[in-house]
Each structure stands twice: as C-alpha cells, then as structure tokens.
Amino acid sequence: MMATSIVASTKKTIKIPLNCKDTTQTCPLNYPSRFKPAISSSETCPDYFRWIHQDLKVWQETGITRETLERAKPNAHFRLVIKSGRLYIHQYDKCYQTRDVFTIWGILQLLKMYPGQVPDLELLFLCHDQPGIWKKDFTQEGPNATWPPPPLFHYCSHCDAYDIVNVKEWTTLQVAIREANERVRWKDRVQYAHWKGNSYVSQERRDLMQCNFSDKYDPMVHLYEQDWEKERENGFKSSNLEDQCTHRYKIYIEGRAWSVSKKYILACDSMALLVKPEFFDFFGRSMVPMEHYWPIRPQESCRDLKFAVEWGNNNTEKAQEIGRRGSEYMMKRLEMKYVYDYMLYVLQGYGKLMRLDVTVPDNATEVCSETMACPITDGGLIRQCMDDSLVTYPSVKAACDLPQPYGDDELKRFLKNQESAERHVEKLTNDYWEVQNKILQKGKNVISARLGDGVNSFVELRFDDQKVKTTTKLDDSSPVWNERFSFNISDTEDLSNLVLEAYVYNKTSNVTTSCLGKIRILGTAFVPYSEAVGLHYPLEKEKWSVFSFGSTVRGELTLKVFVTDNPSTKPRLRKTQEPPQPQTLSPQPPQPQTLFSQPQTLSPAPFQPVKYGSPVLGGGVRARTTITAHDLVEPMEYLFVKIVKARNLPTMDPTGSLDPYVEVKLGNFTATTTQFEKNKNPVWNEVFAFTKSDQQANFVDVIVMDKAVMKDKFVGSIRFDLNEIPTRVATDSPIAPQWYIVNHERGGEVMLSVWFGTQADEAFSDATYSDALNAVNKSSVYSKVYHSPRLWYLRVNVIEAQDLVIKPDRTRFPPNPYVNIKLGSQMVRTKPGQSLNPKWNEEFTFVAAEPFEDLEISIQDREETLGTAKIRFDEIETRVDDNRIVPNRWFSLALERQTRVRFATTRILLNVCLEGGYHVLDESTYNSSDFRPSMKEVRNRHEQSVGVLELGILGAEGLSLSRDGKKETVDAYCVAKYGTKWVRTRTVMNSLNPRFNEQYTWEVYEPATVITIGVFDNNGTNGGNIKDGKIGKVRVRISTLESGRLYTNSHPLLVLRPSGVKNMGELHLAIRFTCTSMFQMLLHYWKPLLPKMHYVRPLKVVQQEILREHAVNLVAARLSRAEPPLRKEVIEYITDLNSHFWSIRKSRANLYRLRSVFSGLLGTGEWFQDICTWKKPVASTAVHVLYLAFVCLPEMILPIISLWLFMLGVWNYRLRPRQPQHMDTSLSFADNVHPEELTEEFDTFPFSSQDPGVVKMRYERLRSIAGRAQTLVGDIAGQGERVQALLSWRDPRATSIFMVVCLVSSVILYVVPFKVFVLLAGLYIMRHPRLRRKTPPGLVNFFKRLPAKTDCML
C-alpha cells in the first residue's frame, strides 16, 4: 500500500477523528506524515528520562543489527514495524488478556501525537510478567561470547536483565484518583495499611496475607483477597481503584513480577509502603525512599508494616508529606504528555542504534486506530478505554527537553543515597522492636473466643481480689479482643494456690447480663513469658445460673497467661480496654498496659547455624520420678487415666436401653471415650493423658453418660483428688486397674486406673493427649514405631517360549508376541518376537517386599493374550552370591478360555531368582542409613553391631506454617528414620513451640550412615486427605559423632521454596552414640561399603534410580496401611526421593564443590608458577635447595611426605568441628539463587504450569549449558587425540620429528645419569625469568600443531 505524504500546517490545528464509516476497515491515507509543533518546548523532562540512556547504553558501541534483533524472536510475542509513519504487526503468540492490544494502541496514539518524529524501526515485544533477556546469558569475552544481547521491549526490567522498558496509558484513571483524593482527606482516612489483590501469584504475597493475624499485637494492616473471577462476572464494579483510596497507608508488593498497581497506589495521597521490589518499571528508578515512599523489607514485612503505621500515626505531618510527594510524583511527572514523550525518546534512541534496513514482513498486517477500534461495536471496557485514550490532534507543543544522562559518579551518588535512606529506615525499625522486646509484664491476654450466634459478649477476669473487664463485642459469634491486662501478685510463694477465673457474659440489655460459661486456671499452670502461647479453653457452665440452663452456647475462650518478676511493671486495672497506643522511638518509660512483644510472624529469622543447648535431661533433682531409660529428654509429667471397661451399668432410659460413654473431666478439659449402643458391659481400653499445664483443678472426675437424642443422661461419676493419686516409676510394673462404683443407688462399676507418670510410661504411645481432645482423627496424633518391610531384588531373565497358538483368522498376520511381567505395581515388557517359538533373552530386575506377592507372567500378541502364569515366591530359588548358578525353568502357560486346538503345551523358559546378597537401596547412597544385604542369614553371619545410637527429640521453636497447610497454627510431629526402623512422635496440637521429649534407640551396624529427622505439620487431625506439610529435616552422620559424647543442639529447619530458602524454625535434639566394639568399628573402614554382589554383578546407575523409586513406593504403600499411617509424602521427603532431579542450582553447587576440592591442587600450581617466575626470590631459592636435596637423597621423599601429612593432621585437630554439620545454604547455592531457577526446579515435568515461552526459554538455557559442557568434552578429547597422533603417521612430518627426538633422547638418557637428568630438567623448568622467552616453549608449540579428529566431525 502506498502512503500519501501529507504535510500539516502549523498555523491550523489538524483533527484526526476516528473514521468508522469505512466498512472495508482499512487504514486511512490522510494521516499527516509530518507535523511541526507550533510551541517549542521550554521545560526539561522529569529525572526518570535519564534512565533511557542507561537502558540503551548496551548497544551504543555495536548498534542493533539484523542478526542481533532476530535473536530476540524466540522470546517475543509480536514484531512491530514502523515504516513511513505507518505501523505493521506480525503476531507470533497470543498475549495474556489484552496486553498486546493496548500496547499497540498506545504506540498508534504516539504516531498521531508526533507525526513524522518516530523513525522507521523494527522492534520485538514480550508480554509476559517477567523479563526475558537476562545478563547471565550474555558475555563479551571468551570463545562463547554472545554479545551484544538482543533488544526486547517489555513492561518492566530487572537489575540482572537487558529488557527495554515500555509504558501504558492511564489518563482516565488518573483523573478519577485525583477526584477520590479530594473526597477523602488524609486525616479522615483509616489509620491502617491497606492492600487488596491476588495473593496466589507469589509466595511473597501469601506471606503478606499472614500479617493479618497476630495474637500479640494489633498488626495495623487490612489485607483483602481479590477474587478476579467473581469480579469479572460482576463487571469489575467493586474493584475500582479510585474507591480504594480510603486508608492512610497503601501497600505495594510485587506479584510474579512488576505490578501495574504501583502507580495507582502511589497516586492515592496515602503514604505508600513499598515492599522492596525486585523488578522496576520506567518511572520508579528515580523515586527516593522517605521522600516518595516508605521502604519495607520482604523478609520482615509484618514487623516493618507494623512499625511504619505506628510511625506514621505518631508523625502524621511527615507521613502525610511522604504521601503527598508520592502522589504529586505520579500526577505531575506521569502525565500522559510526559508518558508519550518518554515513548518518543525511547523509540528515537532505539532507531538511532539500528544498523539494518527496515522491511515490512510478508505476513505482517497494517494496524491503525480504525482497524483496532471500529470492529468493536458492542461497547465494553476495551472500546471504552480506546475512546478515552484516543488522540485526535497532533501535539501543538513540542516534546520536553531530554536531560543529560547520568555520569558514573553522579549515578553512584544517587544509588548510594537511596541505599542510605533504606538503611536509616531499617535502623529505626530495628531500634523500635528492640525496645518492645524488652517490655515484659505479668498479665493476661484475652485473644478470642468461639461462641454461638447473636451474642454480645465480654469477658470478666478475677485474680487475687482484682477484677477487670474487656470491651463488649456486639453480635459476634467469634469475637476477637487482643486485649491485655496486668495483675499484681500479692504473695509469689502462694502463687500455686491462686486461681485465675475468666467469666464470659452475654449482655442482653443495658442492665442485664447472662453468664455463658467460665474457666478456671490454677497458678501451677502459669508459665514464663518466653513460653507463653495462646491456648483454647472450653467454657464450663455455671451450676447455679438461671440463664445457663436455657443457653445453648457451647464454646471456648483463647487466653495467653504468663508471669514475670519484672519489678518495674505496675498493674493498671480498668473496666474497658482501649486499643493499644503505639510507642514512639523517643525515650519514654515503658507503659505496662501496652503490649509490644516480638511478633509471631511467618517469616522467621535469617538462617542460624547449629546452636548448643543445655536442657535439663533426665529430670534433674526436681524430677517426680527417676528415669533411666529416658535420660536424653526432659521429663514431662502426665496424669494418665485409663478406662478399661464397665459392668452392670444401670439404665436411665424407660426403654431399658443404655448407650454408655465415659467423660474424663479435669478443669476445663473433657475427654470422651467411644460410645457403645445398647451395651451395659462395654469394654473401652482407652487411655487419656493430661499435661501438667492442663491440670487446672484439684480433682479429676470420671463421669459415665448415657447418649440420648435430646440431652445425654447422667449415669454416675467417680472423683479423684490429685493429691492422692499415686506416682508410677518407669521401671515399675503397670498400675493395676480397679473396680469403682459409679452410682451408689443403682449400682454399676467401672474398671479404671489413675496415676502420675512421664513419657517413659508404656501407656504414653496409645494415650489421647489433652491438646488433641477435639481432633476428629485421634489416631493420627499417636506416637508409633514402624519397621520397613524387608526388600529383595527379583531378577527375571525371559529366554524363550514354545508352541504359541494364535487365532486361526490371524494367520495372515506375522506373529509379534511379547511378554508382560507384573509384580504388584511394577510392570515391564519385552521386545516383540517374530515367530510362534520366539526367543528374547532379556533380563529385568524388580523390587519385592515381604510378604511377597505372586509374579504374573503373560504372553501377548497385539491385544490377544496367548497364555498366563502365576509364580509363587516359595517356588523361586534364592541366590546369595555369584558362585551359585540358578538353573533355567520351564513354566506352563494357561488360557482362561480354551477356544483353539492345542497339540502341545505352551510354555516359557525363565531364569528367576531372589537376590539375597544385595542391599535394596531406598535412600541415596550418600545419605543411606543401612547397607546390609536383604537375606537375614547373610547379614547375621557377616554383620555385627558396632554400637548403639540414642536419639532424644526434645522439641522445636519458632515453627512457621507449612506451605501445604491452610491453618493458622501448626500441629507438629517428628519422624526419624535409621535403618529399617521409623519412629514417629506424637502430634502436638496448636503450637509453634512444641515439646516432644521422646527418646528412641537404634543398633548401628555401619558408622558411615546417616539418621534423618523430619518435622511435619499434621493436616489429617480433622479428617480428609490433605497432605501433611513439610517444615524441615535434619541429617546427622554417625561417623562424625564421638563415642559416648552427648550432643544437645538446636538445628535450623531450612526449606527451599519457589520464593527462596526459608528458616522454618529450630529442632532441639539430644544425640549420643555409644561404641560397643572399637575394633569392629575400625575394621569396618576397610570393608566394602556395599555387599559383595554390588561389585560382582553391579547395577547400572539408571537402573538403581528406577529400582530406588520402586523401593520407596513399596515402603510407602506398606507403611501407609499402618495405624496411624505414615503417609507417602513423609516417606518421600525423608528418603529424598527427588534428589536426582535436574536443577541449575544443584549443578552450580556441585561445580563449586568440585572447584573447592581441586582448589588445593590449583593453588599448588599457582604457587609453583610463582616459584618458576621468581616472584619471591627467597622462596624460589629455598625450593631449589630442597630440590637438590631430594634429587641427591630420593629415598627421603616418601617418608617426608608421610610425616608432613601426619603433622598436617595434628595441626588441623584443633580446628576439628565440635558440633554436627547442618544444611548449608551457601554450599547449596540457595541463598542467592535467581527466582526463575527456583521456579524451574519446582515446576513439574512434563506437565509444566508455565507458559510455553518460559518453557522454551528454559530449554534454550539448558541447551546453552549443555553446549558449553559439550565443548569442554570435545577439547579434552582433542588433546587425547593429539597424543595418539604422535605415532599414528596422520601427520608424517610430525611423527618423523617425534621419532627422531625419541631416538636421540634414548641415547642421551643412556649416557647421562638419571639423577643428572632430573636435576637439569628441574632447574630448567624453574629457571629465572631472564632466561625465559615470552613465547611458549617449542614442545608446546609442537604438540598444538598435532592433528585431532575435530575436523572429521559433522
């Protein structure tokens, strides 16, 4: 299409309307091609224009050639060509929603605003969230240089990317936000921080949503989830951005990458709280912290947000000024005139760099405003946005003047000022929280409650003749108070006899109230502030309340109670609790009524190494009992109540039926047994355990109830005084249960036993604990010991088959029989044969578990089964070593339906044997906990125990919520594996600081083994099939432990997530390894690690990985059928099943490990180079002297080397590690890995959830890495081929020279003594630099000229 050149006059305004009358929908020819603005520019562009020079600086020297541009094509969504003022589009891929539509639309409006000023150019555009051109993929030097990077336009960029930033239009919304700012003034806005968005797009946003919850302080944030699907259905009526400018503080946080909401948030006149972004847009780089926004650290977002709001509410003028400056920055410096000027200068600068002829592709389509807007005739948001942003007149005012680029020093100063402001805010925040952490008080937190509907509730607290009340929550079934009260303790020595009472009232009118329930907490249950957590207490009915009989409210109250000996804390009793007032940073005395404690955030502290601890193990002198079998853990006192059975229970129903169950009531805790229907002599055998902190009363009641439809009926009860209950020592026999009369009038007896004990009691593992009374699936919280099934390798060699019979009507097709072999879920097949007497001779290996399943053999031809056979394992022979030959056996095949004539029996020849001499690997060989062979007789004959490993799992601290669980707290349990023995601790419910104190023992048969302990979040306590969350794991190698030494350490629980490495808390362990035979253990260091069969008939590496996966699946299938089940995700995590999956992070870490291993050798080479170049004359002289001594006395070389190694070991003894090793984030390259690499590591294959463009980019990156490895292998092979070419006569002249040199050297070496030759050769190599030439030696030059086979490669 030929374009008509029209020159517009500057004296007359030219209107360019949208012409939709042309039904052909073609681009008009009357667009002005040139237009000179009537008003020249007299203003300088904003500072963010200076970054244009930085963005295009990469191509300043090389320019942009055709080849450079085309290299960006694999990452682009479309190509945009501007030729003679007209725009053409070649679409490669569909963009997300309408990103490409409005990107093209904006450039069209630019062409209409500045006709003739946009040069001819070609550009490629990427519409994904994240940039596509990363700096690490492009180098300027070396043989694999990929410079310059291809130019690719994008919405945002990254400090490690080369993408060119483009912009979008926002005129209409800018006006709406300005009007919204005038409607709601800053001082009238809500004094909280606000954010609304989709939290599922990134882990950072999901972590931010957790800031909504805290049981220690008001988080000062209002965070809301945005359901875009629902908004799309409602026409986005409730998601108008201008309606969200109602808070004093607005939070900005990135999603997958840069978010378009940034400018809307900054424009709201609110102080913007920017969670430090990783990606940047075109305007944000010139913004200054504390001037335009308040910076927030991503890893401490909850704490930083809390402080920022507190600071703003105490410094309102400063906070309002920051919000005003940020809003002015958006409104004035981001006017659409400036936005179009920015686009103009970017495209003009880009066009100047082009070193190619701009051509319109054959399959490109011309695009203009008419072709984009006119086809949309039904209105809608897209057409509305186009009409609002349509440019109808060329700009009569010239573009602003482009400022000069940043100088190097000026840019460094600017970035340094930004960093200095961020550090200042960080210091303010740290100082604030340091002050708050020192404010301890004795008192009580009323956190929340769960009550019935229509309740106006408040809580009244009574303690030591003091009384306080909370505020009243109107019509709230789950009120949340988060209020704190302080009480004076009149006599601390009498604290154990004091009682804290909490009464929950319903305010029915201004003058009347009704009691909904109460709780009583004894002083013995009070704990220090550091151990205090929010606990749920069930409400107990008031016995003599008139209102309580008609009340149907059954709920619980959440309290946190603690004591402190801080004498400066004074109580302040009040009837109503005001919201906590923030404490400023100015020095002030601490106020006791305000709580500023360490927040319980979901982003724990940065990584900490293993820490040494000193718990009171074995109970100390204050223990109630003496524990000998559990001396590695702290004793935990429990009250055990065992309900055995009942007999002759009286009937309370007129029908004579009885549906009995038993309630065990201790204070506010009520445990219930299983209910039996119509049974007067039930048998329960259930045990309940109450911790010491839960013993909130002086009596424990055992109540027998009769289940009824309307109201359960009382049958009888037994009361025990806690002071009279006996204490059982762990070494004693169990307490004998006794019969107790439950109803003295009607009779009936219950057999039970009550005693005090510890976790060493055998009833502990089967008990229902007081913190799990409300769990639906109570069996999932028990502590258990599991044993993996014994695993064997089953080797099947399919040799041949005879006398196969096929259908008569298929004789015209050649037979292609193959064999299917199935063992459980494992199935393989041979290659197809070519006759009715086929021969295969193929060998397969399976993993079999005791008790064995039958081996199923079937021969099939296409879809027809020619015969089947089942082989029982008692018919299969066992082989221990390779000396025994297992004979081949014929097996007859049977058909289910015999429909054809047989003249002979169809049979198959197999060689089947169970390999008892192998160890079936279900763990990685580097982290394995057992290497013994499968056959029990072999392992007992050859393997003897070398020691005992004792593990005490004490507890955990500061646990974070697992990614898989969607709960507000953690139900934690631990799993430990060593050998075939798995142990599982009990589940501690609703605690971020659980205490387990359970001890286990293993026999050790090999010192080079590893014990693995994992911590998990139990998501199955309330039923369902939700996977348990992974919190972290710890590995301890037995060979690194000193014999007889007790290690008590806190191990960090580190988890790698797509968002990066995260410290999930700490696990406290006590470990002791006791060696029973030092001689046997030292002897193990000289024995093979694996059984003999692994070396006689080794398995291939690929085969080992496949068999290991089968072994893990078998173990998971068997242990998942236990009660409680050990779930599959737990077993896979402990055995590290996916450790062999591809990861760029792991590859880089292993390369670093390899470099560290050879660093000593490389350092020796560098040192020798310095000796040869005489950089240190004294050292070089000393080496020459030693060299002369060694040549003269060669018999001293090996003794001196051995003595030197011995002395080096003695020297390093003082530097030996004193604590077990831990997961190293630096060694794993997990602390500085790129997010895209982590996303790839966690992405599933082949069902990737990423866009095809991202998958393609990963594939190209993998090809680049493999290409470099391929080149390295080729170079090594080339050097070896040059060595072979010395005598291969491929280069006749080089071979002749080499042969002459060999002949002459043989004569010289015969004549010259060997010592003289070695001496002269060493002196020649270490000669002074003055005797050296700057060019390589002749031998090196000769070797490099030898031919390799590289020139023969295709």
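Even glycines carry a Cβ here, placed using N, Cα and C.
What TrEMBL says about this protein:
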type: COMPBIAS; residues: 579-592; note: compositional bias 'Pro residues'
type: DOMAIN; residues: 407-537; note: domain 'C2'
type: DOMAIN; residues: 621-740; note: domain 'C2'
type: DOMAIN; residues: 772-895; note: domain 'C2'
type: DOMAIN; residues: 927-1051; note: domain 'C2'
type: REGION; residues: 568-600; note: region 'Disordered'
type: TRANSMEM; residues: 1185-1207; note: transmembrane segment
type: TRANSMEM; residues: 1297-1325; note: transmembrane segment
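Tertiary proximity for the transmembrane segment (1297-1325) is limited to same-chain residues at least six positions away from its ends with a CB under 8 Å from its CB atoms, namely 1172, 1184, 1187-1188, 1191-1192, 1194, 1286-1287, 1342. If you look at the transmembrane segment (1185-1207), the same-chain residues 6 or more away from its ends with a CB under 8 A from one of its CBs are 1315, 1318-1319, 1322-1323, 1326. When DSSP labels each residue, the domain 'C2' (772-895) comes out as 11 helix, 61 strand, 52 coil, counted as helix, strand and coil in that order. Mean predicted confidence for the domain 'C2' (621-740): the pLDDT average there is 83.
Here the domain 'C2' (927-1051) is broken down by DSSP into helix, strand and coil counts: 10 helix, 57 strand, 58 coil. Within the domain 'C2' (621-740), the DSSP-based counts of helix, strand and coil residues read 8 helix, 51 strand, 61 coil.
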